[in-house]
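Asker: Pasting a structure here, questions to come.
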Amino acid sequence: MQMCVFLCLGGNSTTWMNTAVLVTCIRNFRRNRGPVSGILKAYLGLSTAIFTDLCSALFADDPASFLIMLAIVPFAVCLTGIFFLREVPPSAAAQDDGDSTYFGVFNGVAVVVAVYLLAFGFVPIPSALAFAVVLLLLLAAPLGIPVHSFLKSRRGVDVEVEETLLGEKEKENVSAEETVKNGAGAGAGAGPGAGPVVGEEHTIWEALKTVDFWILFASFLCGVGTGLAVINNMGQIGLALGYSDVSLFISFTSIWGFFGRIISGSLSEHFIKKAATPRPLWNAASQILMAVGYIVLAMAMPGSLYIGSIVVGICYGVRLAITVPTASELFGLKYYGLIYNILILNLPLGSFLFSGLLAGILYDMEATTTAGGGNTCVGAHCYRLVFIIMTAACIVGFFLDILLSIRTKKVYNNISLSKNSRKKSLTSTNP
């Protein structure tokens with residue numbers, strides 16, 4: 001009963017904090033939604049490894065102290081966040097290319113943290129305390145970015161003039177956003193009195209009435225649902241394929257999931273600016289790559305679990321990082337918190353459908369009853385049909401993402417024009 005109450009409170013509190021941080025940051029950095037989503041989701045993926053390694057380093061013999069730390073540290077961080085986590089008006093949050101440098105620094109620090117955590121699992125650490133101190137310093141390093149930005153804003157008249165120009169250019173951005181809306185509306189053929197078209201602000205009911213929302217929802221289900229089936233059943237999959245210890249494969253899925261999130265967020269943003277590439281195309285690429293990973297797992301060749309865990313980790317990370325900004329670009333930011341949380345209902349739904357029902361039922365069909373009343377299965381046949389069905393689901397998701405890319409091409413063309421026109425105007429006023 002205590003564990004049930006704990007999971008209920010913990011699960012709900014995580015959702016609240018995740019929504020507050022994600023929605024606020026997406027709104028504050030609306031011109032860099034891809035990098036913001038990639039960084040936030042990447043650190044979320046690393047959080048388990050961070051706390052696990054801290055436990056191993058500092059509290060290996062004292063789990064009670066570790067539980068106290070889990071109760072105090074997140075609470076203290078969230079309490080501190082109350083004073084800083086707030087939405088900035090668009091006129092004061094105008095973004096320029098300088099933000100790309102800051103996000104690049106964020107990405108670099110995140111990669112160092114990921115490599116450092118990975119090394120902890122393979123390289124003997126001479127001092128647990130030293131490991132923890134270095135890790136905490138790396139986690140605190142990004143705080144230097146707002147300090148640097150604050151000091152830069154105090155450097156004199158030149159910066160004040162630049163901020164004035166940015167304020168004026170933000171008005172142009174508003175006009176550009178209207179152009180995006182008008183372009184999307186023209187493409188959809190919406191008439192007077194019709195609801196908003198893709199690219200405009202949607203209420204939750206208006207979003208639920210659109211075909212594009214359900215295409216995104218279904219394709220997201222195909223990606224994260226099948227990915228969760230592998231993650232949740234990694235222990236049994238490893239045993240079926242002859243591996244007694246699957247901790248390495250779990251680490252591969254986590255670490256490569258991190259790289260999938262952080263790289264896809266920045267790359268998708270870059271290619272929107274350079275070539276107006278619709279963000280759903282990255283989801284399509286991840287779906288087809290994930291399908292290849294499931295085929296490799298179904299073949300059960302030597303080393304297939306190494307390849308499969310890496311591929312699934314990358315593609316699962318891409319889906320999480322790309323879908324977040326995609327939803328905000330297609331349905332607006334006004335009601336984004338609710339729209340986002342409806343989309344991530346795919347996490348429990350996908351886990352239930354693909355992990356609980358599909359993998360559970362098919363595994364039981366292949367398993368043999370043991371003397372203790374349980375069942376077990378060893379061999380490539382245990383999950384082969386599961387992987388084949390999940391491959392088919394990924395192919396369906398691939399075509400759904402291609403369809404969504406075609407339907408939203410005009411929206412991303414206008415977003416690209418908006419970003420590039422603003423960049424050119426800033427360059428011309430700051431030779």
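Positions of Cβ are set from backbone N, Cα and C atoms, glycine also.
Checked TrEMBL, it gives:
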type	residues	note
DOMAIN	2-147	domain 'Nodulin-like'
DOMAIN	200-412	domain 'NFD4 C-terminal'
TRANSMEM	40-60	transmembrane segment
TRANSMEM	66-88	transmembrane segment
TRANSMEM	100-119	transmembrane segment
TRANSMEM	125-145	transmembrane segment
TRANSMEM	213-231	transmembrane segment
TRANSMEM	237-259	transmembrane segment
TRANSMEM	280-300	transmembrane segment
TRANSMEM	306-326	transmembrane segment
TRANSMEM	338-363	transmembrane segment
TRANSMEM	383-404	transmembrane segment
Asker: Six or more residues beyond either end and a Cβ under 8 Å away: which residues meet both conditions relative to the transmembrane segment (66-88)?
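Answerer: The answer is 17, 20-21, 24, 27-28, 51, 54-55, 58-59.
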Asker: Should anything in the same chain at least six residues away from the transmembrane segment (125-145) have a Cβ under 8 Å from its Cβ atoms, list it; otherwise answer none.
Answerer: 50, 53-54, 57-58, 60, 102, 105-106, 109, 112-113, 116-117
Asker: How does the domain 'Nodulin-like' (2-147) divide up by DSSP, counting helix, then strand, then coil residues?
Answerer: 123 helix, 0 strand, 23 coil
Asker: Return the average pLDDT for the domain 'NFD4 C-terminal' (200-412) as a whole number.
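Answerer: Summarising the domain 'NFD4 C-terminal' (200-412) by its mean pLDDT gives 91.
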